[in-house]
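Structure first, commentary second.
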């Protein structure tokens, strides 16, 4: 059995929804379908979810929201008319929006979650109704009916471990099941949305719950590219990567599939495939637990993410002082700052984190380090980019590091930092933000075009 | 004014002592001389200090020590006879040894320090007396007279900050001053020796106390080599390095000058020169606070030290968990383990330390990490060698990393780990112990012979 999730652009219009249902109906294994809210139909279009957030803002600021609501209703009316769908679902949509507003207007966080989730919820109902009308037995299941019970943390739901047993039961139906992505219900019955990448997370939770053989994640690209396509023209698609590789790449800015969605799949080793709704015959990228290493291409992908800061500390005889690093990290912990890398020498240490982690806290943190740690020198480097070279088996292959440093040296790019731990599947290089694109180009050339 | 320290082989025999005094007397700036105990005269010879430790062992085990004492007296008698020295200093030496044994035999640590320090102490008296007899006004100063007052921690003395004012006063003399290295006196009047590299430390303390213009460290090599001469045939001598470079190199196994001796010099920026007693006209190696970068040779030295262990930890979503690293480091701190490097990925971390740090504690430490840190995987890698590439300005020079990774790749050496922090003067590479010598050769070739 497959769980198939379709992203926003895959379900943005009647035409796209028909494509999706062709895909779904062409394979009897595709039994459980997770759908997003209607996304962009063209590049300047506005996502339904964003319209819903604007509606929320109008309501909360006690402004007239009729026009905004109508805009949303029109998005769904276009879909309903073009399919065409016979049922009078639009009245129901309108009533639901008004009901959320009426009952939750004094609880902004609840209202936001309820409105934000409506895009997925209405779309799932439309898609299920239409497929049913086409003669394919299909039912809509709300996340509550599907058993997706989550923590009561608005905008940041986490699945409850106990949900999986309930979700498992939805295996037992012969109909196609359509479930809206992006949200669950708390035990007290409230709608609570997942953090970013929400529909991916719903898909992963359901795939784990029903112990799917495959979790298909349909989007608008034919898989995961080896490098950012806005930097590299027509980069190769990666045929197969591991969860760990995926996590390193998505952490470092590969946005196709949200890394948090991998967590439910990890333990039961459920494979994921990233496929293109518009080119369903393309092979896509498989994300698996283990894979064979291709020794000609040990580097699976190259990413470069900007917006990092490094706190650099020098202290003479630092390595002799047991507990020095703990002192510094305790200060970061106190300020709830998580760091990403910590390359060090014997008398110095660099702590690298996303600049956003330090926002508004930098002065305080630096002061405390100066005050408590008896350091010799302290400086902060902003505008750092982190180049990540990711690949299983890379660390066991002689010359991989050289391939990269060679490419960077030839491109005249200075390496500020390097970091690679034992048995790692990634190497990290700290470079200037201004060198980021050139670095990706140079590495890509050296890894794949020679 | 210069403070000049002469190592064990420089003062091992009458012939060597004459060389030393020629050097001392040829330069009126050389006013304060620190001497070691007589070292080896030939490769199978035994150092006087080691004879004294054996004497201590005999005494403490209540064995007959007459023969061992006679061996020591003979070492000094040879020197006295060959100089020749007229005074009856040998009787005084014998009486001093017997007095230490008689008064301290029930305080083993005190006795060990008193006996161990005697080699330097007697040698300084002999050298001062001889130079005086030659018509050069020269006095012996005991560390107590010189003001070297230290903590009362046998075998591990640390200078008291208050000593420096007293030491400063010894500037005010026109005579040559000879001070024995390796020990000081505690405030309660006991002899306490410095840790390893003891005479280097005495020299550095005195140089700082008198604010010397230069601290000359005479030994039996013409400076610091760019790589280990047992691995590289006739390596280049480094003309000039900074304190920080020296520290990185001596940490990683360059034994010529003990890095702890740099600490007193650091603050007052007193330069050090490493020179050869047997070839005093060779330029030697200057160790300075700041230096010009030679862009053709940004790598100052290459070292590779064996005997490291890496604890490798994997944990999914490690970087999201604020405080995870602290938990692990707290366990190390509790066991008084200091680590040297900590390269990390987003889901894994390697903690590298000298294997000796873990000795007898490994199982316990691993158990505690498993128990308290909710990790996914834990493994330990022994037989690790740490290749250190050291050079000021290296991190600002494009292509340095590439030079090294290129050399290693061509030699077929796999890089297990890499680590270089911001504004660093060293790069660290973790490799197999069996690759250590080949790595040094490959890097040396690539850095200096191309």
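Just so you know, glycine gets a Cβ as well, placed from its N, Cα and C.
All TrEMBL annotations are machine predictions without curation.
According to TrEMBL, the protein has these features:
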BINDING   B:5, B:6, B:7, B:8, B:219, B:220  ATP binding site
BINDING   B:49, B:120  substrate binding site
DOMAIN    B:389-450  domain 'ACT'
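Sequence-distant neighbours of residue B:120 (substrate binding site) (same chain, 6+ residues apart, CB-CB distance under 8 A): B:35, B:36, B:37, B:180, B:181, B:182, B:183, B:199. Filtering of the binding-site residues B:5, B:6, B:7, B:49, B:219, B:220 by Cβ separation from chain A (threshold: under 8 Å) yields no residue. Sequence-distant neighbours of residue B:5 (ATP binding site) (same chain, six or more apart, CB under 8 Å from its CB) are B:33, B:34, B:35, B:36, B:181, B:199, B:200, B:202, B:203, B:215, B:216, B:217, B:218, listed in sequence order. In the structure shown, the C-beta of B:6 has more C-beta neighbours within 10 angstroms than that of any other entry among the binding-site residues B:6, B:220. Annotation for residue B:49 (substrate binding site): same-chain Cβ neighbours under 8 Å, separated by at least 6 residues, are B:8, B:37, B:116, B:119.
According to DSSP, the domain 'ACT' (B:389-450) comprises 30 helix, 13 strand, 19 coil. In three-state terms derived from DSSP, residue B:120 (substrate binding site) belongs to a helical segment. Across all of the domain 'ACT' (B:389-450), the predicted model scores a mean pLDDT of 88. Taking every pair among B:5, B:6, B:7, B:8, B:219, B:220, the residues recorded as binding ATP, the greatest CA to CA distance is 12 Å. Proximity of residue B:7 (ATP binding site) to non-local residues of its own chain (separation of 6 or more, Cβ distance below 8 Å) is seen for B:36, B:39, B:199, B:217, B:218, B:219, B:220, B:277, given in sequence order. Within 8 A of the CB centroid of the ATP site residues B:5, B:6, B:7, B:8, B:219, B:220, the other residues of that chain are B:9, B:10, B:11, B:36, B:39, B:199, B:217, B:218, B:277.
Following the DSSP three-state reduction, the secondary structure of residue B:219 (ATP binding site) is strand. The secondary structure of residue B:7 (ATP binding site), as reduced to three states from DSSP, is coil rather than helix or strand.
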